[in-house]
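Undergrad: One structure coming up, written as structure tokens, with questions to follow.
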């Protein structure tokens, strides 16, 4: 590899290069990104597609004096490489290493913490107005990409920005993809002559469409945008996965998230785990339910791939609805389906469900509609980090009246939970983690629908301590209790409503450890304490869960161990509680 990229320590070095050197810089950036993702994994496709665009941005604008705000962060590995982080990129997504997305605490060149989509325009307009009020100079650029024009927040920002007359620059990295192909009318409109009329009608000067891999054309368009005194949209057409044949050949996601892998002799070599994931297992039981009952439909906000729904979409094309990166719409659309007699299952990540909290309350729970929420990535998600942790769903959903909140311990729990939820006259949540399925403990049955309440995994004849768990932590609790006399293990299974009889029995053991992979503030442990207080039950209780902090990226297994949420940690907590001490 040439030494060109090794001489780039900041964007000023990009501006100092002769223009004829920029194509080589782009080539080296792609080689670095492919190599990095091969070693540690990551969001490959969007970053490869945005290489020329990011080089052109740093050629024309002067970061950090000019603020560059990227939507999501999927597309930003070249930006990281050009802003002084190349020597640490091998730590990408690892504990203590480079963040998976963008974070201003990592670099002054990251003007916006970006992990969720559709935030860049609103934030950029705020930055521009704030700078104007403070008398600060400098340009502000919002870079949209990976489906940013399928979400409502972007249009709220465009509406406000177009009416403001402020010189906001919006760069649309149009690769026709979010994770998979974009859906709906807007992405189709962008590839027509009406795109100009659309943006000009919103009050923007429209520049484009520009070939997003033609550096001279990009630089000309960005310089024109920089010189404008009013809002501008630069529309760049790019190819997600450009420069890496396996990504370009991947028609579903264009190499959205890949690695680790090896690229040898023109061939991609990847190790593939044979274990089934919770997502795949849930998709299978949902497929069975859809085959049995034509009223059952699936809804997802741009998560066909992530929630393992592609096979369902192929089998039931008219009953699987990908609505784009539009979580609020997904929930209210599901409410409408339910009100018309369908049985919608809204498949959504825990972290993205946060974006539709009002719709859950107002549009689903208040009218009492039987929507089922399949909440994927509940708990720790590992390398995707703080913006994607699923550690707040129990605490936020538990207070909602008549919403039943299920959490499977093993894959065998999914079918009876879904059957129970589909038969219920109210809303239900089935929350399951990222990762592979644990084995069903010996002698344990999953039960049959309708499920009712908690499940004893281990019941001591003379109990002196009970481990109460939610989800797969029951497996660790069983291991922790093995060989400990008088220890019981209760899988709460449903965080709301509680199985009061089982939990009060647990409390009468005198010592209770409640373990959950989520915040303890308002979570299952809080619910258990509320129950004990209401019944005047005096037990020693220890709550185990996430700290009062945002959990960063890292290995989820290590993070569980750090919080005592493995077998050894739970055993240690139980023994300390019995001894009357702390941790």
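Every residue, even glycine, has its Cβ placed from backbone N, Cα and C.
Take a look at what Swiss-Prot says about it:
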BINDING   74, 115, 116, 117, 147, 148, 175, 244, 327  thiamine diphosphate binding site
BINDING   146, 175  Mg(2+) binding site
Undergrad: So which of the binding-site residues is most packed in, judged by how many other Cβ atoms lie within 10 Å of its Cβ, out of 74, 116?
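TA: Neighbour-count leader: 74.
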Undergrad: Give me the count of other Cβ atoms within 10 A of the Cβ belonging to residue 175 (thiamine diphosphate binding site).
TA: 26
Undergrad: 10 Å Cβ neighbour count around residue 147 (thiamine diphosphate binding site)?
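TA: Neighbour count, Cβ to Cβ under the 10 Å cut-off: 31.
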